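If you look up TrEMBL, you'll see B:20-39, B:51-74, B:110-132, B:138-159, B:166-184, B:204-223, B:317-341, B:353-376, B:388-406, B:412-445, B:470-489 marked as transmembrane segment. Annotation source TrEMBL lists domain 'DUF112' at B:20-437.
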Amino acid sequence: MKLTRKLRPNQTIAIILFLFSCFYLYVAFQIPVYALPRPIDSDLFPQILGGLMLLLSIGLFFEKDAETDVAEQEKTKEHESFWARPNTQIVVTALVIGAYILLLERAGFVLTTFVFIFGMTRYYGYKNYVTNLIVAIVVSVGFYILLTRGLGVYLPPGLLPA
Amino acid sequence: MNAWENLMYGFEVALQPEALMFVFIGVLAGTVIGMLPGLGPISALALMIPVTYGMDPAIGIILMAGVYYGAIFGGSTSSILLNAPGVAGTVATSFDGYPLSKQGKAGKALAIAAYASFIGGTISVIGLMLIAPLLGRVAVTFGPAEYFALMVFGLTAVVSLSDKSLIKGLIAAVFGVMVSLVGMDLQTGTARYTFGSVNLLDGIDFLVVALGIFALGEVFVLLKKRTGASEQNPLGSLKLTRKEMRDIAPPIGRSSILGFFTGVLPGAGATIGSFLGYSMEKRIAKDGDTFGKGNIKGVAAPEAANNAASGGSFVPLLTLGVPGSGTTAILLGALLVMGVTPGPLMLEDRPDVFWGVVASMYIGNVFLLMLNLPLIPLISKILNTPRAMLLSLIIIFCMIGVYGLSFNPFDLMLVLIFGLIGFAMRMYGFPAAPLILAMILGAIMEENMRRSLQISQGDWMIFIDKPVSFSLLILAAVSLLLPLILRFIKWVKNR
């Protein structure tokens, strides 16, 4: 923990990239050789890229952090709830998108999209329930009809009748 | 056919009722998306690509050209009204546009922006018409070694001209090429970096990366920065006086020509063009000291340069098949998806697409002037859309765009992953344009490198022996070293 606290953001990213490029190079050297001998095989370009990334990560480790680089500190407002903080909102958004993807084919497009728009708009702080409800219904049902009936694109009906 | 006849043929394509309708839709959608704070032409193009699937390529690219122009104008609108430029290309517009807006002259500033964009766009279309066939003739003689060198130069130019760190730009570019290599190697059929997943065998679709980095990533940035609704100034009258017209005419003319040539250069594009146009006019103008306080020339010059540069950036894209910026890289991706490979042969193989695009760029400009300007009071209401609703809708558009194409939830997960990568890149100062450009060029670069080495039986000297590829590689090295040399000179001077 102490080590990570001493590292500048650029250095932390450099270490991650260094490890990534080592792994990338390892996989590059595992790429099977093509049966017919060729002057250049599938593994050469990835090996060059892995080597370049390795060198660049070392370069980044020694690069100074520009002032604008470091993620802006969030302006925490007084009495702000945990759920309204930007970092919490980002994590919740990513998790909810993950849930949306998992449920899309099971529960269906209309249902998941409606719940997503209504729920997330409310979560981001929009308080007008009626407008929110109308937009969520119009977008989810409207897109479903437009894409499936109008453009012939398949969208999963899920729990609702197709 | 000569250039004039070709252009007339292009107009025939672009003036079909279907094409006209899509130019209008593109311009309108582009303006609306480009106007939203945080979203610029790249996001607008990425969000609109799914709409073009299944379309005739000529019509599809006409739609995209409309979106591109509309988004640039939309960006100028939010620069002028809110002092919130969606993209770097319209930052210079806000220097004088926003002060004008605070003086209650936002309508005037928007009208100047529209006129300047129109003239800048027109001049760039003329330039494109004249230069593209010439460049296309030279490009026909290019072999794989020259193409490889050209792509290396295109990438290094974009990296070195991005306003961020050189190392970070290079990391973004290398990462982009790495992403493009995932999947089955088309020459040998070997699976690379698929880790046994069937979903990755076809590679990672560029739309997944584009929507992830430029649309979903922006949503996370907006959440982090708490970007909310800003105070909007009243529009005021859209009319210009004769004197104002006379005042802005010379700056528009000069900046249009400057902007076009800046746009042709790889990596330079709209941002540098608009800043160059602005600073040139500030130096030339007798009332240069009023720049930054609401001088109308300060809006006219960057807007003309900005739009002319956007037209100029089509030259390398359409003639060489090598995009010079992140935005044109997205356009290239869209073309490839539609089955059109831009390059020197496109002029012969698909003249309808080439000249259709040139003509539709012009028609897009006319639409901007005739329809968008009067509609601005109405369109600007979009800026009142609650931020909360906007964010959820952008996320859903990304999901629909990708699912409607691949019908695979795995790709949606990739969008999420690239969204988080895009967010991290923005937060830690990694430019995103080299990534998307490298992702588009990566596979073609590798193919050309391997073909060259196969021709030379594995001899790397092929890249040096050919004068064109050697010169391009030297240019690539210079473009990378130049910022370092300049920094070194500055350091010596300071000591």
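Along the chain as shown, residues are numbered 1 onward.
Cβ from N, Cα, C; glycine included.
Bear in mind that TrEMBL entries carry predicted annotations, made automatically and left uncurated.
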Based on Cβ pairs under 8 Å, which of the stretches B:138-159, B:166-184, B:204-223, B:353-376 lies most in contact with the transmembrane segment (B:20-39)?
B:353-376
Using a Cβ-Cβ cut-off of under 8 Å, list the residues of the same chain that are 6+ residues beyond the ends of the transmembrane segment (B:110-132) and lie near it.
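The answer is 3, 6-7, 69, 72-73, 76-77, 80-81, 93, 97, 235, 238-240, 244, 248, 252-253, 255-257, 259-261, 263-264, 296, 299-301, 303-312, 314-315, 318-319, 347, 354, 358, 361-362, 364-366, 368-369, 372-373, 376.
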Other than its close neighbours in sequence, what residues sit by the transmembrane segment (B:166-184), given a CB gap under 8 Å and a spacing of at least six beyond its ends?
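Residues 155, 158-160, 190-194, 200-204, 209, 425, 428-443, 445-446, 480, 483-484.
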Looking at B:51-74, B:138-159, B:353-376, B:388-406, which one has the highest count of Cβ pairs under 8 angstroms to the transmembrane segment (B:412-445)?
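Between the stretches B:51-74, B:138-159, B:353-376, B:388-406, B:138-159 has the largest tally.
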Please work out which recorded stretch in B:51-74, B:138-159, B:388-406, B:470-489 has the most C-beta pairs separated by under 8 angstroms from the transmembrane segment (B:317-341)?
B:51-74
Find the average pLDDT over the domain 'DUF112' (B:20-437) in the predicted model and report it.
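The predicted confidence over the domain 'DUF112' (B:20-437), as a mean pLDDT, is 84.
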Before we move on, state whether the transmembrane segment (B:51-74) and the transmembrane segment (B:353-376) share at least 3 Cβ pairs under 8 Å, counting only pairs 6 or more apart in sequence.
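Counting Cβ pairs under 8 Å (6 or more apart in sequence), the transmembrane segment (B:51-74) reaches the transmembrane segment (B:353-376), since there are 3 or more.
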Under a Cβ pair cut-off of under 8 Å, which of the recorded stretches B:204-223, B:353-376, B:388-406, B:470-489 contacts the transmembrane segment (B:138-159) most often?
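Per the Cβ under 8 Å count, B:470-489.
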Using a Cβ cut-off under 8 Å, which residues of the same chain at least 6 positions beyond either end of the transmembrane segment (B:388-406) come close to it?
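Answer is 36, 39, 47, 49-50, 53, 205, 207-208, 211-212, 215-216, 218-219, 222-223, 412, 415, 419.
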